[in-house]
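Enquirer: Just dropping this structure here.
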Amino acid sequence: MNRNTSSLWADCLLQLQDQVPADKFQMWLRPLQADISSPNQLTIYVQNFFSRQWVENNYLADITKLARQLTGNPDFVVKLVEGVKPAPKQNNIVTTKQNAETAVDSEQHLQSVEFKTGLNSNHLFENFVEGKSNQLARAVGIKVANNPGDKTANPLFLYGGTGLGKTHLLHAVGNGILANNPKARVLYIHAERFVQEYVKATKLGAAENFKKFYRNLDALLIDDIQFFAGKELTQEEFFNTFNNLFEGEKQIILTSDRYPREIEKIEDRLKSRFSWGLSVAIEPPELETRVAILMKKAEERGVNLAEEVAFFIGQKLRTHVRELEGALNRVIANAEFTGKTITIDFVRDTLKDMLALQDKLVTIDNIQKVVAEYYRIKVSDLNSKNRSRSVARPRQLAMALAKELTNRSFPEIGKNFGGKDHTTVIYACDKIQELRETDSSIQEDWSNLIRTLSA
């Protein structure tokens, strides 16, 4: 493979992996092969007409844009061709022994990153922004990277809502394991891709090869394990693979959008094994972390983002990291296009549709309804003067959630809880913060409520 082809297509894939949902990336983009057929054209080979139509309709424009950016050639063309990439002729690729070795090294590197490990080398602990919402998960991830197979965190089960950094952390752990042991057999794979590979291997009579491959790994990292739901044969195979790896003290890391016991249509024996090691939640980032993420991402883009602007965006958008990054990308793109300075007013105008939607998503009324339903009490109880523990604690949680998830002031929140004084709201927020650090049941309730309200 031409060295330029290797680096160009690898760079395209790495950037697309951050832009395209993981399941879609694994299914449609990762398997594609490419070749530079001329100085101004990248040819991408697709399996069949259906694949060609799908890639053309959904991803070709983005791929072309990336290729032009990476080559600096505004006329660069990306062409889709049905079929298998032809084997290169040696004399068309290299003219000297040194160039041949470079081409082979490049090919081996691409295969190692994209097809053998599946890891994104850009996702590291160093650029994973840490905050209270993910502090424990990151610390455990580093521990696993330094000591894979330790039964105190094997399997490691990371769970939380979409866009909170689970996939980034999963790659960071895998890259950390490889940094400590470059010969380790580490594989990252999305659960849906695992299912597809197993079905394909079974149909082709290659089930034994499939088993041998997965059971000889040193670390298996599976993203979005909830995709195994309802797939009984895949669950059976994974159950046996899990046992084999665990008994061999090989590391298993799984992610899901929910706590292991909450995943529906997964066999109980698998759920039990998911809980053998350590399950760690990743929560929606608190304000300080949201601001830090925005500042970090802007710095990576070479953009000087004022802290007050980052605070404004962080206060307004409270759901997940992916939304923050999307908002920041829109702001930067608009600023580059218009030549304007990024100010709070500029951001307010650029993101007016997102901000309006966010204001509608979480209200104090919504919070009260969700909390009341969760604790099986009435909304009127939250607004009453009832000080019994069964009502007072949910009321404090609801007040703290209102402060976390809305832009309302302490007096405004108090007014919406039966006219409570703002000092009562401040006390409630401080109390819940204290209990979250000392009482695991309160932390679990908080996490469950945050996930429900952020869904």
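Cβ from N, Cα, C; glycine included.
Annotations per Swiss-Prot:
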- Gly163, Gly165, Lys166, Thr167: ATP binding site (BINDING)
- 1-82: region 'Domain I, interacts with DnaA modulators' (REGION)
- 82-117: region 'Domain II' (REGION)
- 118-335: region 'Domain III, AAA+ region' (REGION)
- 336-455: region 'Domain IV, binds dsDNA' (REGION)
Enquirer: Please give me the CB contact count at 10 A for Gly163 (ATP binding site), counting all chains in the structure.
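Expert: Its Cβ shell of radius 10 Å holds 18 other Cβ atoms.
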Enquirer: Only counting partners 6 or more residues apart, tell me which same-chain residues put their Cβ under 8 Å from the Cβ of Thr167 (ATP binding site).
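Expert: For Thr167 (ATP binding site), the qualifying residues are Ala22, His123, Asp223, Thr255.
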Enquirer: According to DSSP, which of helix, strand or coil covers Thr167 (ATP binding site)?
Expert: helix
Enquirer: When the region 'Domain IV, binds dsDNA' (336-455) is classified with DSSP, how many of its residues are helical, how many are strand and how many are coil?
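Expert: The counts are 92 helix, 0 strand, 28 coil.
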Enquirer: Give me the sequence-ordered set of same-chain residues, not including Gly163, Gly165, Lys166, Thr167, with a C-beta within 8 angstroms of the centroid of the ATP site's C-beta atoms.
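Expert: Result: Gly160, Thr162, Leu164, His168, Leu169, Thr255, Ile282, His320, Val321, Arg322.
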Enquirer: Enter the number of other CB atoms within 10 angstroms of the CB of Lys166 (ATP binding site).
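Expert: Total other Cβ atoms inside 10 Å, all chains included: 25.
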Enquirer: Could you pull the average pLDDT for the region 'Domain IV, binds dsDNA' (336-455)?
Expert: 89
Enquirer: Within the region 'Domain I, interacts with DnaA modulators' (1-82), how many residues are helix, strand or coil going by DSSP?
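Expert: For the region 'Domain I, interacts with DnaA modulators' (1-82), the helix, strand and coil counts are 47 helix, 18 strand, 17 coil.
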Enquirer: Near Gly165 (ATP binding site), how many other Cβ atoms are within 10 Å of its Cβ?
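Expert: Total other Cβ atoms inside 10 Å, all chains included: 26.
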